Amino acid sequence: MTIAEEFATRNFSIYGQWTGVVCILLCFALGIANLFHVSLLIIFSALCLVSSFLIIFIEIPLLLRICPTSSTFDTFMRRFTTNYMRAAIYMGMAIVQWLSIIIAASSLIAAAVLLTIAAGFYALAGLKGQGFVGSKTLGGQGVAQMIL
């Protein structure tokens, strides 16, 4: 199944997963870019950077098999196999980035917006009763089942 065919299924968990991949890149870039502020914004940029690494392991299940991680971390990551749990963690990460506005308006708002959109896609998938479907391109079919 190609990416175009995956999008044609109209499964919101696929949309959420691909939005999550974009979140990885955006959170990583903005986390590094905002580390150079001389204010409390550094805390939020560090949290954005940490979020990018969490999202990598959430959205690309093959990495849990490849990278040496502790059993505690693996257990924590396996909690996010349903649409509702993924929506919850994305919304949690989005709220943290929205709170960065308290310190100063910065480019971290873009990360907050995209994380909120990803949470929305996963929440819609849950509300519509769509089961979580992992993208084949990201190792979702077959490989993901070996990990779980």
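Quick reminder: no glycine exception, Cβ is built from N, Cα and C everywhere.
Annotation source Swiss-Prot lists N-linked glycosylation site at N11, citing sequence analysis. Long-range neighbours of N11 (N-linked glycosylation site) (same chain, six or more residues apart, CB within less than 8 Å of its CB): A125, Q130, V133. Taken residue by residue with DSSP, N11 (N-linked glycosylation site) is part of neither helix nor strand, so it is coil.
Positions annotated as transmembrane segment by Swiss-Prot: 12-32 (among others). Here the transmembrane segment (12-32) has long-range neighbours at 3, 6, 45-52, 55-56, 58-60, 83, 86-87, 90, 107-108, 110-111, 114-115, 117-119, 121-122, 124-125, 128, 130-135, 138, 140, meaning same-chain residues at least 6 beyond its ends whose C-beta is under 8 angstroms from one of its own.
Long-range contacts of the transmembrane segment (38-58) within its own chain (CB-CB distance under 8 A, at least 6 residues past either end) are made by residues 20, 23-25, 27-28, 30-32, 64, 67, 69, 73, 77, 80, 86, 89, 93, 96-97, 99-100, 103-104, 106, 108, 111, 115. Marked as transmembrane segment by Swiss-Prot: 38-58 (among others).
Under the heading transmembrane segment, Swiss-Prot lists 82-104 (among others), citing sequence analysis as support.
As annotated by Swiss-Prot, transmembrane segment applies to 108-127 (among others), with the evidence given as sequence analysis. Here the transmembrane segment (108-127) has long-range neighbours at 11-13, 15-16, 19-20, 22-23, 26-27, 30-31, 34, 41, 44-45, 48, 51, 82-84, 86-88, 90-91, 93-94, 97-98, 100-101, meaning same-chain residues at least 6 beyond its ends whose C-beta is under 8 angstroms from one of its own.
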